[in-house]
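See structure below.
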Amino acid sequence: MSVSMRDLDPAFQGAGQKAGIEIWRIENFIPTPIPKSSIGKFFTGDSYIVLKTTALKTGALRHDIHYWLGKDTSQDEAGTAAVKTVELDAALGGRAVQYREVQGHETEKFLSYFKPCIIPQEGGVASGFKHVVAEEHITRLFVCRGKHVVHVKEVPFARSSLNHDDIYILDTKSKIFQFNGSNSSIQERAKALEVVQYIKDTYHDGTCEVATVEDGKLMADADSGEFWGFFGGFAPLPRKTANDEDKTYNSDITRLFCVEKGQANPVEGDTLKREMLDTNKCYILDCGIEVFVWMGRTTSLDDRKIASKAAEEMIRSSERPKSQMIRIIEGFETVPFRSKFESWTQETNTTVSEDGRGRVAALLQRQGVNVRGLMKAAPPKEEPQVFIDCTGNLQVWRVNGQAKTLLQAADHSKFYSGDCYVFQYSYPGEEKEEVLIGTWFGKQSVEEERGSAVSMASKMVESMKFVPAQARIYEGKEPIQFFVIMQSFIVFKGGISSGYKKYIAEKEVDDDTYNENGVALFRIQGSGPENMQAIQVDPVAASLNSSYYYILHNDSSVFTWAGNLSTATDQELAERQLDLIKPNQQSRAQKEGSESEQFWELLGGKAEYSSQKLTKEPERDPHLFSCTFTKEVLKVTEIYNFTQDDLMTEDIFIIDCHSEIFVWVGQEVVPKNKLLALTIGEKFIEKDSLLEKLSPEAPIYVIMEGGEPSFFTRFFTSWDSSKSAMHGNSFQRKLKIVKNGGTPVADKPKRRTPASYGGRASVPDKSQQRSRSMSFSPDRVRVRGRSPAFNALAATFESQNARNLSTPPPVVRKLYPRSVTPDSSKFAPAPKSSAIASRSALFEKIPPQEPSIPKPVKASPKTPESPAPESNSKEQEEKKENDKEEGSMSSRIESLTIQEDAKEGVEDEEDLPAHPYDRLKTTSTDPVSDIDVTRREAYLSSEEFKEKFGMTKEAFYKLPKWKQNKFKMAVQLF
């Protein structure tokens with residue numbers, strides 16, 4: 001559609017350029033912008049245009065346009081608003097969805113912009129009304145309807161307005177009463193309290209009293225007596241009588257009309273199909289309660305205005321005041337519209353393939369052309385933000401039939417594609433220790449063991465009182481949280497579980513389980529040492545990809561293969577994975593285009609292969625749904641512009657961000673549905689409410705109220721954990737907040753979750769724990785290649801057998817400040833004086849240590865201390881002393897870090913005395929004294945150094961520190 005700027009109203013210039021809400025009021029047929037201070041105020045005699053601009057994850061802006069018609073607005077103003085909305089859409093590029101909003105029948109999406117409610121005021125521009133603050137407060141009665149958003153309507157202040165089904169708010173001069181009809185739900189009552197808070201803040205400066213009255217309690221308390229006194233005393237309420245607002249319209253019958261020359265002509269057809277819509281025309285789809293206007297991409301601005309008028313007339317003539325009109329442009333159809341059609345092929349974004357570039361580059365390289373410039377890969381996409389601490393404790397079990405086997409620490413990250421696993425990960429959260437219990441299903445695993453794994457994980461969660469989060473993960477669909485937990489993750493072909501062995505025996509298929517002496521090919525992927533994977537693939541040339549590094553081995557040879565589009569990071573990860581897959585064999589490097597014959601022989605010869613990097617489902621903008629699950633039927637309702645307050649403790653909610661599904665379960669949900677939370681998540685994927693072709697293997701998380709981890713709360717603009725620490729149902733909690741001036745009051749401290757599952761002890765055995773990498777300060781700059789001295793010190797703080805990585809783990813960003821409650825000081829953990837003192841003493845002397853479980857060291861902001869009584873003065877002195885020691889320890893660590901970073905990469909130029917290898921190695925029975933134990937190799941003679949390391953000292957010190965450490969460990973000099 002080509003549009004001249006002369007056809008567009010100048011009031012819309014520059015509109016929709018940034019996220020937010022913009023509103024115009026129709027004044028003398030001209031859209032006039034209203035100031036930000038007036039956003040949310042509507043007058044019954046006016047018509048408005050509301051533009052909501054949303055910034056999407058893709059960086060694009062989405063526009064939704066609503067035109068709101070007050071109950072007393074004139075037909076001319078309403079018509080102007082409808083036409084100007086079409087012009088605004090044209091000014092924005094013709095992509096916006098347009099909604100007709102009638103006072104009292106607004107869409108939930110529209111009301112979500114103005115939470116908790118809108119209360120239109122009498123008057124308007126046409127009547128010359130000027131808003132003046134009344135000197136005397138007028139007693140008003142409002143009816144509230146809605147479970148997720150609230151429709152508020154002022155009704156006559158009379159007993160006849162009340163009924164048992166709705167909730168009413170009586171706003172008097174000194175007190176606000178909420179009357180809860182006996183047939184209203186807890187959720188509706190809780191939402192109505194948000195309106196009470198709004199009225200209290202807006203019309204009473206937040207100072208008046210609030211009271212609730214329960215329908216049927218007669219004169220049980222003073223508040224009830226006072227409430228009924230305004231109505232002349234108590235009397236039974238009449239039954240609700242049906243009126244025009246309560247009429248329902250058949251939405252099962254849908255009719256399609258084509259608009260030509262201002263007339264809506266029926267389109268014949270038994271079923272609706274996408275092919276019925278012509279891009280050169282406009283159509284009306286009448287669904288009773290909803291009327292859609294579909295406008296082809298090539299239609300003119302006048303055609304669109306005419307179609308909109310025809311739809312308005314259709315609604316008006318059939319007397320359907322509640323019907324909503326939605327106008328959509330071809331290519332930007334909404335989910336409700338597309339769902340009316342039998343088949344609708346949704347356009348997908350095409351990705352540019354790297355195949356052509358890779359093949360041409362490889363051909364040129366074989367012809368002797370320098371392809372260095374051609375081989376530069378496209379800028380890497382930003383790595384997803386990590387929202388989980390990776391310094392926690394991990395336990396992993398392999399499922400064998402109906403039983404599970406605990407894995408040794410060395411095997412925690414080595415999975416088989418034919419097996420299922422259960423894992424438990426305990427880690428420091430923002431306010432308490434958090435636990436994630438999950439299952440991982442290999443692609444070749446059997447259904448029986450998958451069911452066993454889910455049952456085992458669910459029982460673990462249930463035994464811990466539903467505090468941990470639960471995850472269901474499939475091979476190939478792992479989220480970033482899982483990879484960060486596992487760190488060096490390897491997936492082998494085949495399996496060793498009883499279920500897998502039984503399956504291949506019954507099916508009489510070959511067992512391709514990984515054999516370290518056989519031919520195996522691994523694809524290396526990841527973003528760094530804390531997130532790297534080696535995936536075993538078929539040992540054939542077609543499995544190669546120019547964007548990756550590979551490891552290929554048989555019983556006697558090891559090759560690394562570098563694709564032309566791979567990076568230096570990929571090379572580093574391949575070197576690290578070699579340490580795990582083939583630690584004792586020297587590898588031979590192969591570059592794409594210059595491979596040896598032996599390399600191709602192991603792969604069975606050359607073949608065509610891809611060069612396009614494998615991509616995972618991207619995370620999309622989150623959508624929140626409220627769920628009801630009865631008789632195996634799942635019903636969902638989308639909550640727009642959601643906040644934490646939309647989560648009701650009696651209900652189950654789902655956040656859908658396409659790549660992952662989060663099922664949130666309130667504390668007051670019935671026990672039966674708590675146990676079915678994972679099933680509800682699976683049913684949601686099957687339902688595919690957004691028609692986005694959700695993968696049935698998408699990760700599902702089950703999150704219990706009160707145990708929300710950071711990777712869940714990140715979807716909310718703010719999060720207050722004290723709200724879930726309150727007792728009672730949603731209504732009782734909201735009432736406490738309203739009566740407390742809008743501040744949540746925690747009834748009890750959060751329970752600290754146990755560190756592990758099973759047995760009598762809550763702490764796992766050290767032998768079964770994998771030592772984790774750790775970061776000494778969450779605010780430290782990322783340091784590459786820590787030196788042996790620093791690594792040795794870090795190892796002391798973790799455990800004696802700690803595994804050293806070259807980089808600290810990713811820092812988990814604190815999303816929200818800790819919630820402050822009147823009793824928060826009571827919940828703060830006690831200072832670990834003895835631990836700090838003992839660790840500080842390590843700098844002078846390291847005494848023999850008893851076996852202990854490695855615990856993460858995590859810096860946390862200091863909290864103000866409340867003054868203690870005089871009797872505790874001795875304890876205060878001890879605490880001050882310990883704080884000094886802690887500060888000293890931190891400063892020494894930072895100082896050492898700076899010194900070691902400065903030494904990074906410095907060659908050995910000192911004139912040190914030479915000592916024999918037998919006296920320098922760590923296991924020596926006659927060790928040399930007075931040497932730097934972090935540089936034992938420097939005291940070797942040049943000849944013995946070359947014999948042990950296979951290189952000169954000069955070449956050795958040019959290697960990165962992590963590689964130096966690897967060589968030193970191999971010869972017992974580290």
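In case you wondered, yes, glycine gets a Cβ from its N, Cα and C as well.
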Candidate set Ser777, Ser860, annotation phosphoserine, source Swiss-Prot, matching residue: Ser777
Phosphoserine per Swiss-Prot (candidates: Ser787, Ser866): Ser787
The repeat 'Gelsolin-like 6' (634-675), counted residue by residue under DSSP: helix, strand, coil: 8 helix, 16 strand, 18 coil
Distant-in-sequence neighbours of the repeat 'Gelsolin-like 6' (634-675), which means Cβ under 8 A and at least six residues beyond its ends: 108-109, 112-113, 115, 148-149, 186-187, 190, 194, 458, 462, 466, 479, 616-628, 681, 683-685, 687, 689-690, 692, 694, 698-706, 708, 712, 715-720, 723-724, 729-730, 733
Secondary structure content, the domain 'HP' (909-974) (per DSSP, counts of residues): 33 helix, 0 strand, 33 coil
